[in-house]
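Database features (Swiss-Prot):
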type	residues	note
DISULFID	35-53	disulfide bond
DISULFID	42-62	disulfide bond
DISULFID	52-71	disulfide bond
DISULFID	64-69	disulfide bond
SIGNAL	1-20	signal peptide
């Protein structure tokens with residue numbers, strides 16, 4: 001009985017740790033959780049929010065332009081890869 005309890009507790013801990021590691025990966029941009037990635041649809045034409053993701057690794061700006069998250073100098077929020085400028 002003690003061995004079975006040990007196995008169950010070990011499995012539960014393993015699942016908990018694996019889930020926590022996934023959550024830590026998602027926290028790389030905590031302020032941008034739920035934001036829309038570059039190239040995805042956004043804005044009122046699609047009935048979606050306009051909050052495009054900021055990517056602090058790149059210079060430039062990113063925003064919702066004509067219903068798609070694109071990069072450009074006049075977009076409202078910082079951070080986009082200029083090589084993917086829309």
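Quick reminder: no glycine exception, Cβ is built from N, Cα and C everywhere.
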Cβ contacts within 10 Å for residue 52 (disulfide bond), all chains included, total 29
The rounded CA-CA distance in Å from residue 35 (disulfide bond) to residue 52 (disulfide bond) is 5
Rounded Cα distance, in Å, between residue 64 (disulfide bond) and residue 42 (disulfide bond) is 6
Whole-Å Cα distance, residue 42 (disulfide bond) to residue 69 (disulfide bond), is 6
Spacing of the two Cα atoms, residue 69 (disulfide bond) and residue 52 (disulfide bond), in whole angstrom, works out to 6
Counting Cβ atoms within 10 Å of each Cβ, the densest environment among the disulfide-bonded residues 53, 64 belongs to 64
Counting other C-beta atoms within 10 angstroms, the emptiest spot among the disulfide-bonded residues 35, 42, 69 is 35
